[in-house]
């Protein structure tokens, strides 16, 4: 599966680029799970994931405020839930690297594909209705 087959455009170059970066991190996690990596290598990718996802959510929430998106509070709660889910996996599976990478990969892929298709598409629809008439 390629990035362009599944990810919608947010009409925002920064957010679109970040979605692509998160997709690349997801690919790294998937490969790490197949290769049975050590904790040192995993920590590097986990750090990259947490930094990128927090930055992306912050930027996306700023975009929603900028366009006056009426459901920003709901969307922000979903973001917090995703972050908590990732953190919970890291804590609960710290001793089992392969299980951790597998679970994280599923959460990240779910976020990238399902969240963008379902939730982010609502932002896109609102943006297009409000600004692209």
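Each residue, glycine too, has its Cβ placed from N, Cα and C.
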Given Swiss-Prot lists 75, 79, 115, 120 for Fe cation 2, the same-site residue among 24, 41, 48, 60: 60
For residue 120 (Fe cation 1 binding site): intrachain residues, at least 6 apart, with Cβ closer than 8 Å: 8, 10, 60
Listed in sequence order, residues with CB under 8 A of residue 79 (Fe cation 2 binding site) and six or more positions away: 57, 60, 61
19, 56, 75, 115 as binding-site residues, winner by CB count within 10 A: 19
